[in-house]
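J.: Please read through the structure below; I'll follow up with questions.
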């Protein structure tokens, strides 16, 4: 067992190195940890490194305390006089570049937080490996006694640690990718430092292009790390008890930072009033809400709020409507050709659930069934602006046999029922057009699920369970192949 344990050690040391680099190297990207500031005459700090001009009216001044108690970079920026900004366009361009690099720093901090969370799982796997090693030793020492019992225990242990292989592959790829980012950021840091000393010596367009390219690659990396294969669902967290037996509730995964509004829709047909709660805290503790009246009643519980608009299936039709909350108007309607409606191909629980709209890391989806596919599930990727179908996949799973379904990272997961004992047992992967049968425990606490949707920002499942609004956390395995880097 020495080789797997050695790999675990490499993974842990690699992630420790990445964390250390993120906390120490990134502040230097904008010159925050290389400038020693002391009080000078006239109340202005003395810039002993010579990075900034001596006259505070001639430049942007950055004063930093490096990190706060939570490990975040904290800095104070003093702007030059407005006349200087308008007179020197190059200084303005430099400021914009520095702001972009600071935004990149925040992005890498988010990446670090996600990686640290997954690292805990690797540590747990290490303990399981050690336990397996102990079992093997017991077999070697007592191979003539209780061999059958020991073999059964070892087989169970092997089943527990089998998922470790893709985890190790993922962290190996992650380490390589972050090292590439480190080299590029270091090069960019050097150019910015020289540019601070001698404005005008470099091509601003080229520098801006390099910052933008690195920013886009970081964003793509974070999106890949956010995706993975579902391996576990937590116990339910009951947020509130309200409404009827059927309904839906959600938050907007593309809402601006700080926007935690909750959207609430009671019932599955012949209703058109959507409640808006200012925050999750308001939703949990009060009945203070704003009511929005939709131009048409909805059908089923498959509505989603996405980027400020609600998408819903118009009652007694296969028409999808996009309604903008900001303008209080319909911005787009589109018929979903051949999709069954009015309880033609509903989920097992009924409730006009023919068309289920979903959102994941990849965008907007519709799940439904058609006569052409013999009532089996069809998955369609939709353009969120035009509602046009980008691509569709046909599956072999009967829509009426599905309890509920949700999308994560382009994979449709289906439950085997909606009442009593429930589990996630079927998965269709749109990236490979393949399916598999799985067995993921799912606690159906209140015995009747009429809505189950994934929110990629929260990495959680939102459920409506017999008049209870419930959350489930999910566990995903991240797998990044080297050719994708």
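The backbone N, Cα and C atoms fix where each Cβ goes, and this holds for glycine too.
Caution: TrEMBL annotation is automatic and unverified by curators.
These numbers come from a predicted model, not from an experiment.
So TrEMBL lists these for the protein:
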SIGNAL    1-16  signal peptide
COILED    94-142  coiled coil
COILED    178-224  coiled coil
DOMAIN    226-478  domain 'Olfactomedin-like'
DISULFID  227-409  disulfide bond
J.: Including all protein chains shown, what's the count of other C-beta atoms within 10 A of the C-beta of residue 409 (disulfide bond)?
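T.: Around residue 409 (disulfide bond), other Cβ atoms within 10 Å: 21.
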J.: How many neighbouring Cβ atoms, not counting its own, are there within 10 Å of the Cβ of residue 227 (disulfide bond)?
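T.: Total other Cβ atoms inside 10 Å, all chains included: 20.
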J.: Mean pLDDT for the domain 'Olfactomedin-like' (226-478), as a whole number?
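T.: Here the mean pLDDT over the domain 'Olfactomedin-like' (226-478) amounts to 95.
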